[in-house]
Amino acid sequence: MSTLKDEIRRTEESTASIISITNAEISSISLNATSLTGSDAYRRANEEDEEASIKSDDETEPTQTTKQPWREIFMLSFTSLGAIYGDIGTSPLYVLNSIKYSEYPPNKDDVYGGISIIFYLFTIIVIFKYIMIVLVLGPNNGEGGQVAIYAKIARYLNIGPKGVHIPGAPEVSDMELLQRQDTTSSFRSSRTTKSLVEDVKTHPLMIKCVQKFILFACFLGCSLVISDGLLTPTTSVLSAVAGIQIAQPSFDNVLAVAEVILICLFLIQQFGSHKVSFLFAPVIFIWLVGLIICGIYNIAKFHPGIFRALSPYYAIKILKNGGIDVFSGAMLSITGTEAMFADIGHFGRLPIQLTLTCLVYPALIICYLGQGAYIVTHPEAYTSPFFLSLPGGTGSGPYWVMFVLSTLATIIASQALILSVFSIVSQLINLDCFPNVKIVHTSKDYAGKVYIPAVNWLLMIGVCCTTAGFKTSNNVTAAYGLGITLDFLVTSCLIALCMVYVYSWNILWAVLFITFFIPLEVIMVVSNLKKVVHGAWFPIMMAGLVFIFLSIWRWGQSRKVDYEFKQRVRIADVYPLFRKEPQIVDLNLGGNRPENNESLEVEETHIQEDKQIKVSSRFGISNLSTHDGIAILYNDSSIHNFNSPNTLPQVYAKIIDSFVSIPSIFIFCSTRTLSIPYVPNDERVLIASTRIPGHYKCIVRFGFMEEIIINHELSATILESVPEIAELMTRFNDNHQPQERLEKPDSLPTVHIFENNLLRCHDYTSEEYKTKNPLTIVGRILRKITINHFYSPLVSITRQHGQFLKLHTEEEETNQKLFIGGIARI
């Protein structure tokens, strides 16, 4: 048997050379935004993520963007109609009758003013802000929404959640992680401060404030979008179904029909956004064409002079007469804009920009002008201008055609918010800001197209209860809008910070952006505050509950990561032979330089010529006992993910400390999902030896379209990749009778180990924690309730508990799976 020194030398030689990353190399990877002018940064942002692409993961995993053919862009533009524009495209059903005019029925100037407000709000917010700025600067790694902007800023400033890899950040390849034998240099920005503005911008206190603010804004924005996801389907479907009552006043089953439609909508989500949007796209296209036809018909027949409403004079006049309350109704014309930004991961930016500017925008403006032309001639029609202005009147053929289209379009309108909620929750999960629920990728071409079953069913229950509570579309529109305007405000603040920190634009550009958009959005927020007493309290309450949920989860995860960081075990703490002995270094202060300018050498760690491996345990320094067999420890810790090669999982240290005995082959296994749809079988398993003899690190890789399952065949592949497996097979067979000999490695005695800690709050009963401060006492009580009765059960529910490991029989599941843990006090 070889000596311990020979074994360690052999394992070190079998490991590939260490890849070290110097500060200069890291600096070359970092964003060189400081050298860009405003226009250069804008152009770079315009080129970044221009078309959706799939990154190929090789050993270095470079971020590459492949240009899409125009045919694919046009196809995506068309299919985006069925997923994104249903909400904003069905606004003509209820906008004009929601505007607060100075008198009823409205006079011509009031109608002109309402149309003018709608036109300029749509142009300024949707076209200028979102299409030209937010969709260019905001997306991160192909995803949109406030989560994407947060991730982009946090990635650049390196202030993201501890232990979380932010999408879009340069990644260390899997092979380098496995081969790493020592920690590399920490990241340091190469940027230098050149002015007072830079000094203030990069001051640690300012960075800390930015870190807190962007996380707060991210959670607030996500909460508002999710709460908006409850009202948008309710508003749209109730408004469409109510069209039956206009033609048939005796019909009184609007609520029941709306509930059935909404349930069907959520049931079809499991087929994926690609199939659903491809099915819905022709409907929205015909709907928009119908809006154009109806608008042109009404303009030509009733009041061609309606185009005078595009003058800002009438917008100013109605604001002077009616005050800012006009905005509370007019802003309903731009609902769905934030969802459009959040849905960018499903289709890409360019298809969304093309569809909105070339089809949706002109169709809606013509429709609003047509409705305005009809109301000018028929003022009493302001109560339901859409259905009353349809060619042929109520009950005619065109009326029922547009009614059917409006019903289908409102169903699709709900689709936009549902998809945006899926995208937002998916990004939050990636940032460890939401429980790790199941995500189903529905397209192999676009990683952003996802379906989340748990969120879908919870949203369905919430929407159905909201619809039953509000009952009519008028009740919903009276409460609709406050959350959306707050969302606009949050996005503006995040984009301004993105300009300053990520793209390093001159701060004057950010000030100009804020000066132009935020006052308008603040006015819209104020105008919608009066809706609180009419039902707007409901979406704000729901947003508050979601915000509290996200905050508690992120706070709990942060405490859990801090606990794991403090409890991490260094290799030298378990294996004394890796402890570095004190060394005496001659600094040669006398001035005599070493001959030939030779560098001072540090002696290697002393390794005893001993056949037994010594370990530290509760029994003192003991000889480690090994037996023929295999142990695979599955690790999902945020801290120990091979980034720190000098540490060991805490559960491993517990095994050594308690039993001083392990199998002869020990594998630390981790799973990873790549940004490609499928991983070839010959590239799925990566394995490398560690500094400890008989110990290996393994990464099992999956594509985003693949379910993470380690079955019997994959387990065999992992074992066959271990160099010592043949020697273990021979030794095992030599020690057993012929009838007990094994032919395959997967038949060897194997135990699969999982860590299963029970999270609990700190125990404050000891003498050192005693206090009489009532605030401290209340804080500890709230902390205990939050962790023990909310966070800990939620972690247990969403934990996989080794379910991804599939063994042949129930007996194997019982005998080979081992769960080790204790009480982790955070």
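Placed from the backbone N, Cα and C atoms, the Cβ positions cover glycine too.
Just so you know, TrEMBL annotations are computer predictions that nobody has curated.
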TrEMBL annotation (transmembrane segment) - matching range among 73-95, 234-256, 648-670: 73-95
Cβ-Cβ under 8 Å with the transmembrane segment (532-553): same-chain residues at least 6 beyond its ends: 219-220, 222-224, 226-228, 230-231, 428, 433-435, 462, 466, 469-470, 475-476, 478-483, 786, 790-791, 794
Whether the transmembrane segment (280-300) meets the transmembrane segment (397-429): three or more C-beta pairs under 8 angstroms: yes
Winner by Cβ pairs under 8 Å against the transmembrane segment (450-470), considering only 115-137, 397-429, 507-526: 397-429
Selection from 115-137, 397-429, 507-526, the stretch that has most Cβ pairs under 8 A to the transmembrane segment (213-231): 397-429
Confidence summary for the domain 'K+ potassium transporter C-terminal' (643-722), mean pLDDT rounded: 89
Cβ contacts the transmembrane segment (354-377)/the transmembrane segment (115-137), at least three under 8 Å, sequence gap 6 or more: yes
Among the ranges 73-95, 115-137, 397-429, the one whose Cβ pairs under 8 Å to the transmembrane segment (507-526) are most numerous: 115-137
Non-local residues, at least 6 beyond the ends, that sit with Cβ under 8 Å of the transmembrane segment (397-429): 82-90, 93, 143-148, 151, 167, 222, 225-226, 228-229, 232-233, 236-237, 239-241, 243-244, 247, 261-262, 264-266, 269, 273, 276-277, 280, 283-284, 286-287, 290, 294, 336, 338-340, 342-343, 345-346, 386-387, 390-391, 435-437, 439, 448, 450-452, 455-456, 459, 463, 550
Tally of residues which DSSP labels helix, strand or coil - the domain 'K+ potassium transporter C-terminal' (643-722): 22 helix, 29 strand, 29 coil
